Amino acid sequence: MGITTALLLVMLMSVHTSSYETTILKPYKEDNFRSLVAKACQFIDAHELCVSNIWTHVKESGHGLNPHSVLRAAVKEAHDKAKLAMERIPTVMMLSIRSREQVAIEDCKELVGFSVTELAWSMLEMNKLHGGGGIDLDDGSHDAAAAGGNLKTWLSAAMSNQDTCLEGFEGTERKYEELIKGSLRQVTQLVSNVLDMYTQLNALPFKASRNESVIASPEWLTETDESLMMRHDPSVMHPNTVVAIDGKGKYRTINEAINEAPNHSTKRYVIYVKKGVYKENIDLKKKKTNIMLVGDGIGQTIITGDRNFMQGLTTFRTATVAVSGRGFIAKDITFRNTAGPQNRQAVALRVDSDQSAFYRCSVEGYQDTLYAHSLRQFYRDCEIYGTIDFIFGNGAAVLQNCKIYTRVPLPLQKVTITAQGRKSPNQNTGFVIQNSYVLATQPTYLGRPWKLYSRTVYMNTYMSQLVQPRGWLEWFGNFALDTLWYGEYNNIGPGWRSSGRVKWPGYHIMDKRTALSFTVGSFIDGRRWLPATGVTFTAGLAN
């Protein structure tokens, strides 16, 4: 055990024996402080420059020599480096002449922009926690716990964006990938270091969730939002604007309505989309916050496209609908990609919207249907269709009371439902599928590990006959079998056979206590943010 790790463990023990203010914020001896700075900069190529910059940030902050000032300085350093990387990307774009490379580079600019935003949010949240507001991470208060969850969520997302950027160069000569990779490596490593330190310094003891079914609304959801979700007739919802393909609304296209919606709105903006088939690709940017799309029902209001990897696009860019503005809600809508299995990756819905909710929606495609890319997401009473890895990404996503349907793949292809992309054990990401139905029409596997720490759990879920006895599939060879976290609890149906499941070190047939840590109440602290929106959700384990 290295000196910096030992130091962090000592401080972690202190957190639980005395107040945060006296353990984490007290002045540290300069030698110990230097060890913390070194840990913040470990594995950074320009190590000495990183150390120097963090020292400068600490001095400028005026918060003294303590672990928190190092964390805040490291986040600022990551933010500054991400901004610098984003500014350099257009230069690389000017060098490329191939269309797929151009798309990949454009993706990188947007994704690094996501990281800049998420790191900025993280700095603001750290200021709330430790900037003199009197909030103590160890006092059990709502504000402290919620802010801590926000930090881990945003840092987890900021760590993943750079990977998605580089994945976009699949199918290219990758020479421009190398130019971009150098700028991104330092950002990713800095965020990884901060997550590691933050997790060790602020780990909280296990608290089991209560086993109950409640109607609850998160703090970020207003009473107006709740009442909107409970109304079954869109015509009485008093939407801000109406889209109708037949011309009987203010707009004929959804894109027109979104473009006219206010930017950075703190209030819910409701767009009612009347029944019809809308052939358009929608990209709801970060600035479009608190947008709500309401349709006339699954199969009635349909947004459809056919973008796909074989057209020279990245997976990220194939989405029929992409949402990244915070607080997005969709109700009674079908999201569809019709590219078919022969065209490989073809996303119907990509979600980078923090605190987003999807209620009574259908997401239909083949390979890579639902891209739960990042941040906190909730799906209730939804239907998901696909063939390969059709629920994938590195968001913190819960699917509850949903129906998952498999479709016919290409010959020799194997049907896999999930491919969760958790890269670090410190990321608070993963997929939880609870109280749902896996309705397999083909031999089907529950998931496979896309990244080293892939995490997916099925609980209280019905599995039909064609779910294979072994349950799960390798990505390749023994990759991630020791480090992934896959679990099942209290599943039923002919596709659930405990005796035949894989024997990987990372696979678990969970007992009740372990399962409780993956409930909405514990795994993602759902009582604070999951958008129940007036719809009953199970906070603990179902009966």
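Every residue gets a Cβ built from N, Cα and C, even glycine.
Keep in mind the model is a prediction, meaning the values are calculated, not measured.
Straight from Swiss-Prot, the features:
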ACT_SITE  D368  active site, proton donor
ACT_SITE  D389  active site, nucleophile
BINDING   T315, Q345, R448, W450  substrate binding site
DISULFID  C382-C402  disulfide bond
CARBOHYD  N211  N-linked glycosylation site
CARBOHYD  N263  N-linked glycosylation site
REGION    38-197  region 'Pectinesterase inhibitor 22'
REGION    240-527  region 'Pectinesterase 22'
SIGNAL    1-19  signal peptide
SITE      Q367  site 'Transition state stabilizer'
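When secondary structure is read from DSSP and collapsed to three states, T315 (substrate binding site) falls in the helix class. In this structure the alpha carbons, written CA, of N263 (N-linked glycosylation site) and D368 (active site, proton donor) are 30 Å apart.
In this structure the C-alpha atoms belonging to Q367 (site 'Transition state stabilizer') and Q345 (substrate binding site) are separated by 5 Å.
Here the region 'Pectinesterase inhibitor 22' (38-197) returns a mean pLDDT of 86 for the predicted model. Counting every protein chain shown, the Cβ of R448 (substrate binding site) has 25 other Cβ atoms within 10 Å. Sequence-distant contacts of Q345 (substrate binding site), defined by Cβ-Cβ distance under 8 angstroms and a gap of at least six in the same chain, are N308, F309, T315, T318, Q367, D368. Between the C-alpha atoms of W450 (substrate binding site) and D389 (active site, nucleophile), the distance comes to 9 Å. The Cβ of C382 (disulfide bond) lies under 8 Å from the Cβ of F358, Y359, R360, C361, S362, V363, L399, C402, K403, each of these being in the same chain and 6 or more residues away along the sequence. Neighbours of W450 (substrate binding site), defined as other CB atoms within 10 A of its CB across all chains, total 21. Listed recorded positions: N263, T315, Q367; maximum Cβ neighbour count within 10 Å falls on Q367. Using a 10 Å Cβ-Cβ cutoff, C402 (disulfide bond) registers 23 neighbours. Neighbour density for D368 (active site, proton donor): within 10 A of its CB lie 28 other CB atoms from the protein chains shown. On the backbone, the CA of D389 (active site, nucleophile) and the CA of R448 (substrate binding site) stand 8 Å apart. When other Cβ atoms within 10 Å of the Cβ of D389 (active site, nucleophile) are tallied across all protein chains shown, the result is 24. Under the DSSP three-state reduction, D368 (active site, proton donor) is assigned to coil, being neither helix nor strand.
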